[in-house]
Amino acid sequence: MDSEDIPDFSSLKEETAYWKELSLKYKQSFQEARDELVEFQEGSRELEAELEAQLVQAEQRNRDLQADNQRLKYEVEALKEKLEHQYAQSYKQVSVLEDDLSQTRAIKEQLHKYVRELEQANDDLERAKRATIVSLEDFEQRLNQAIERNAFLESELDEKESLLVSVQRLKDEARDLRQELAVRERQQEVTRKSAPSSPTLDCEKMDSAVQASLSLPATPVGKGTENTFPSPKAIPNGFGTSPLTPSARISALNIVGDLLRKVGALESKLAACRNFAKDQASRKSYISGNVNCGVLNGNGTKFSRSGHTSFFDKGAVNGFDPAPPPPGLGSSRPSSAPGMLPLSV
């Protein structure tokens, strides 16, 4: 306190009271300051303890954060290495995939070319198939015709068998007629000596006409006829059936000639049928080879039609050599084709 602030006292009591009052005032302020100091110290201690606790927590947190930071650094390093490794692998995979893509594109181009070639080949094969189908239909049609013709010829063959039976029966009848003719000639020789001359001449003329008609075969007769039909001179005396009239004998011989001519025609048809069957078998094998070649080359095979309508005559029918038929027994047989083998009955 400055000396200028001290007032002037009139008495000692006033000065003493002033200083007492001033000391009390300072004492009170000191007490308040000390209380405030104590409060401040207590508050500072509490604050210091709290700050120390916060510091400990902060240090612990800092250590944890540092540990986390270090761990994260390690993880970052590991991730960097892993990323670099993955990047290298992905780069290798991308390069491999690019190579595969280029190869795949090349293969795709080749496959496109191959598909186009296959389509062209398929078109060629379809055309060849259509041509082959047409050829096979034609062949089947001709084969069906041949089958029908074979069936017809088989029916004719059956008819020929029945005719052969009839021919054999007629041959037997002709042999009997020849035997009867021989007996009749002998009887006429006997009666010629005893009868007058004019009736004998008439009988001789009639018998010579009948013998001439019997000596001429109804079919072409060859060397085998001499063995099959014995001549009247070679037949010994025997007992025949009842004698027939000359007209009946001539009609019977005409029937035999017609039957033999029919048998010859049937045998020629049978030979033609056999040759046709052989020709069809060889043609079928030839056609199968040509069809396979046509499928490979894309061209259908065209088959030429050849009609097997010609009849083949035999060199000898039932052992007879070909000879012109006698007049009055019908038209002659069709001409025979060369190289045909005879069929024996």
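Every residue, even glycine, has its Cβ placed from backbone N, Cα and C.
Going by Swiss-Prot, these are the annotated features:
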COILED    28-190  coiled coil
REGION    56-166  region 'Self-association'
REGION    64-189  region 'Interaction with KATNB1'
REGION    114-133  region 'Required for interaction with PAFAH1B1'
MOD_RES   SER215  phosphoserine
MOD_RES   THR219  phosphothreonine
MOD_RES   SER231  phosphoserine
REGION    241-280  region 'Interaction with DISC1'
MOD_RES   SER242  phosphoserine
MOD_RES   THR245  phosphothreonine
COMPBIAS  329-339  compositional bias 'Low complexity'
MOD_RES   SER344  phosphoserine
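Taking the region 'Interaction with DISC1' (241-280) as a whole, pLDDT averages 74 in the prediction.
When Cβ atoms from all protein chains are considered, those within 10 Å of THR245 (phosphothreonine) total 9, not counting its own.
Taken residue by residue, the region 'Interaction with KATNB1' (64-189) breaks down under DSSP into 126 helix, 0 strand, 0 coil.
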